[in-house]
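What follows is one structure encoded as structure tokens, with my remarks underneath.
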């Protein structure tokens with residue numbers, strides 16, 4: 001398949017705005033500069049043309065921008081699928097991210113909020129190719145981190161959040177103590 005190398009610039013750039021989505025929508029792969037929207041457009045066209053499921057695999061090292069790239073692809077699908085303003089599926093799917101990050105992210109030597117698990121996001125489309133829902137699953141969670149962390153690294157964020165909240169009344173039944 002097609003491979004796109006994305007580099008996280010660690011700042012917002014104007015190359016991900018609405019007008020850029022529309023510029024890539026309907027274009028053939030290779031007619032425009034390489035971009036996450038070009039990959040998303042190709043998957044979207046193949047889904048519509050062949051009526052088969054498509055996959056986009058976003059891979060890279062810690063801090064490379066995998067989650068951000070996935071968000072941009074979802075924004076593209078929501079916009080070209082006519083559902084961006086109707087349901088804001090992208091926001092709904094990504095609204096679960098802070099909870100997932102608390103349970104599956106930890107401080108590493110390279111990234112203060114590093115995802116220690118893989119994410120599989122399945123987006124459902126109707127017959128008109130509009131987004132109708134999404135499902136997010138996690139896999140490959142680093143279980144070893146629960147009992148051991150390397151020097152200058154931390155356990156999952158949730159452990160520190162629970163400890164910091166242990167005196168709250170709603171946590172009394174959890175048996176947390178200092």
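Including glycine, each Cβ sits where the backbone N, Cα and C put it.
Where the annotation comes from TrEMBL, it is an automatic prediction and has not been curated.
Noted in TrEMBL for the protein shown:
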| type | residues | note |
| --- | --- | --- |
| DOMAIN | 1-178 | domain 'Myosin motor' |
| BINDING | 60, 61, 62, 63, 64, 65, 66, 67 | ATP binding site |
Those residues of the chain, 6+ apart, with a Cβ under 8 Å from that of residue 61 (ATP binding site): 110
Non-site residues, in chain order, whose CB comes within 8 A of the mean position of the CB atoms of 60, 61, 62, 63, 64, 65, 66, 67 at ATP: 8
Site with most surrounding Cβ atoms, counting all protein chains shown within 10 Å, from the binding-site residues 60, 63, 65: 65
Under 8 Å by Cβ from residue 66 (ATP binding site), same chain, sequence gap 6 or more: 58, 59, 60, 115
For the domain 'Myosin motor' (1-178), mean pLDDT (0 to 100): 85
Other CB atoms, at most 10 A from the CB of residue 62 (ATP binding site): 13
Which same-chain residues, if any, lie at least 6 apart from residue 67 (ATP binding site) yet have Cβ under 8 Å of it: 97, 115, 119
Neighbourhood of residue 64 (ATP binding site), C-beta criterion under 8 angstroms, separation at least six: 6, 7, 8
